[in-house]
Every structure is written in structure tokens, then in C-alpha cells.
Amino acid sequence: MESSLFIGFGIKMSGKRKKKINISINPEMPQPEMNDTEVRQDDPERLSCHMLCESLLSYGSGFNNFQGIFNWSVVLLVLTHVHMSLENFIRYGLLFDPVKIISVFLKDPYKWPAVYLIAASVLFSLPAVFIERYLRKVRGSESIGLVLQSVNLFLLVTFPAVMVYRMQAITPAGGLLTMFVYIIIALKLFSYYQVNRWYREGTPRPVRGTSRMQADPSAHQSRRNERGQSKQIMYPMNLKVKDLYYFLLAPTLCYQLNFPRQKNCRQGYIIRRFIEMIFLFHLMLGLIQQWIVPNIHKSMKPINEIESTLLTEYILKLAVPNHFIWLIFFYWYFHSCLNCLAELLRFGDRQFYLDWWNADSVLQFWSRWNIPAHKWLDRHVYRPLLHHGYDKWQARMTVFLLSACFYEYLIAIPLKMFRFWMFFAMAAQVPLACLMKRLFGGNFGNIFMWISLVLGPPLMMLLYFHDYYIQHHRKDSSWRLFFF
């Protein structure tokens, strides 16, 4: 029988000499040469197969290649979502109807009070330029300027709130969009006032004969910014309507005289972001119609009857689709929308978010997932409080209380009810995060952050929707009035 296998064995000779005989069935193939000292039965180091080492899943092993586990998790996640989608489709059928959504908006295009309120925000922001020009010309009138600025900001906050709360024609969705636009403009104008005040206080009083020179743009030195494509604007030449409205449209909340600018617009980049915006927006609407609305309908009865077991079940049912919609919204707004707007305006700073998914606490998450808001709070609230003698704990608690007020303002006014669920949830995150960091920290802190993100929003959603349903549409089984 022919074979290509090699058979090697040794024949022990007399004395200590060892002789090996290699027999090959196929003599044409080369035979491996073996050393006399290669295998010694009396050498324990050569025969040992164990060593001091850690398991791969232990921290001390140094192993960090978990790509296979990640792929496995993705496969399980996809299969779970496919199963949930099929189960939802079998139970409720196809609920997503984009034609119905478009027909609602085209049914009566002249009755859009939320759109008119948003358009009126342009008029409320215009006085900011004239107030700053007045303060520049009239020295020693900071108190008058503070009053004028406070009145302007007060109107920006209260006027849309009163209109949305009193007008029955404005739906909660339209009211939320209106309040969101006005609160963004109010934050921008606060930064606009503060930065101009810093420049105004840092500029010496002009002497006789120099006011004309300072008002002349040609008298300022023409410098180029770090990208080298536009001239630097010097105070007070920034006090123009064009400069203000560029800042109001720019994807930032913090004002400065010279923003980093791109040299040109990339049309292909804008088209890709625009397609993403349209697709993801309809995907979110479809998921809300297909998953969120039926589960909320069914959850009204358990809340009314205080059935904790069924309530927990519906929270878990809402957790996955709600979190999926939240992730889509994050990408849609912070990546697609803001990058598209920044490209149109050639705005250079594109850091709208950081790696919030790696945050080891809820506090770190809030400082990474919304960089424009974080910069505003750090620049105009946190650091000024530290400058005035407050410690870090007090300043951080003030920042979260202010954020809680903003969130409650955005939710309570459109829903026309005050329950303060969001306020207490936001305010409790600072002591809770500090406690969890002291007890666990590290990787466990990241796990706790993900648990709060997955389970917290559906609980808030059920609480607010339940109260809204009881207060406004208890006798009406349709949720059409809420969304349109």
C-alpha cells in the first residue's frame, strides 16, 4: 500500500548512544532531520504544556480583539428586530401611510399657525443689533442696555409660550417645533449679548478724533483667518444685520466675531446629507406609526388600572423601538441636518458630537452627545459660576437644573400641562451619577448609562402621553389630533 506518510522511530542501542532509523514509504520526498537533543524524556521544560496566563475574557489578559463577538451581537440584534417587525406586522398590519401624512399638510396650507410663529421669530431677533449699536455709541448706559436685552430675551421666551398654550389650533408637534426654534434663538442672542459686552468692556474709551477711524472699516487691519479665505472682522464692525442672521442660521449656540469657514461648498456632500435627511425622517415617521402608537394605545389601560406587571411589559416593548428611533434621530439631526446646514453656510466647525457611546457616566454622556449645547452651558453658565466663587458641585448642579427647566419648557407648553416628570428626572441625574460612579464606575458606569438611555425615555413617554390622553382625549380613541 502506497502512502505519503512518514514513519519515524528510534531503536535504543547499548549504552547511552541512541540511534534513529527513518523509514519512508515514499523515498522521493525529503525526510525531516531530527536532533539527538530534540526530544529528551528526562527534560521537564521541554515536555511542559502549561504556563502562567489569564483567561482571554479577563482584564489582565491584554486581549482586545472582540470583533467576532461584535459581529455575533449585530446578527442577534438584526434577527431580533426582524422578529419584532414581523410580529408587529402580523398583529397590526401595515400602519405606515406617507400619503396620509402629506395629505394632512396639504389639506389646508393656510392654517399653519406654528409656521407663522416661527417666521415671526425673525422680527424678535432683529432688535439685538440695534441694542448693541446703541450701547456702543452711548457709553455708561449698561443698565439701560441690560434692561433692553432682558426685555428682548423675555419676549423670545414668553411670547411663543403664551401663543402655543392658548391657541387650540397648534398641535403638540407644531408647538414643540415652535418652542424649539424660539429657545435656540434665545440662547443664541444671550451669547450674542455676552460676547459683545466682553468686547465692549475690553475696548478703551475712544478719545476725540478717533471715533471716525474706528467706525471706518478700512482703518482696521486686514488679516486672514486660519483658513486664509476671508478677512477678519473686528469689533464693532460685526454689529450688522447680515452678521447676526448668519449666526442665527449657523449650527452653533456660541457667538464669536470670526467663525472658521470652508473655502467652498461641496455639492455632492450636500446632496448625500439631504437624501439622508429625507429618508431618515420618513423612517422615523413610519416607526412611530407602526410601533409606538399601537403600544401607547394598549398601555393606557394598564396605567389607568395601575397594573404594574403589564405596565412594565409595555415599557419593555416600547424600549427597543423608542431607542431605535432615538438613535435615528441623533444621526438625522446631529450628523445629517447640521452638517448639511454647515456645508451650505461653509461653517468649518463640524464637531457636533463626541463619542458619547463610550461615556462612563450619565454626566459624561450629556457633555458629549450635544456639543453645541455643552459649549454654551460651559461658556455662559458653568465657567462664570466658577469665576464668581461657586464650587464645581454647585456649578454642575446649576447647569443640570437649567437644562431640566429647558426640557420641561419644551415639553409642558406644547402638551399644555405641567407634570415636571422631565424636570425631576434631569435634576436627579447629578446625585445618581455621582453615586453610581463611586459604587461602580468604569465599564459598569457605561452599562448603567446605556440602561438609563434604553429604559428612561419610554418611561417618560408613557407618563406624558398618559397624562395628555387623560386630560385632552380620554373619550376619543384616535391619536390623530396629537400628531397633526
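Placed from the backbone N, Cα and C atoms, the Cβ positions cover glycine too.
What TrEMBL records for 206-229 is region 'Disordered'. The transmembrane segment annotation in TrEMBL covers 110-131, 143-163, 169-190, 274-293, 314-334, 393-413, 447-465.
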Cβ contacts the transmembrane segment (110-131)/the transmembrane segment (169-190), at least three under 8 Å, sequence gap 6 or more: yes
Highest-contact recorded stretch vs the transmembrane segment (447-465), from 143-163, 314-334, 393-413, CB pairs under 8 Å: 314-334
Considering the transmembrane segment (169-190), which listed stretch of 143-163, 274-293, 314-334 counts the most C-beta pairs under 8 Å: 143-163
Same-chain residues at least 6 beyond the ends of the transmembrane segment (393-413) whose Cβ lies under 8 Å from its Cβ atoms: 157, 161, 164-165, 175-176, 179-180, 183, 363, 366, 373, 377, 381-382, 385-386, 419-420, 422-427, 429-430, 464
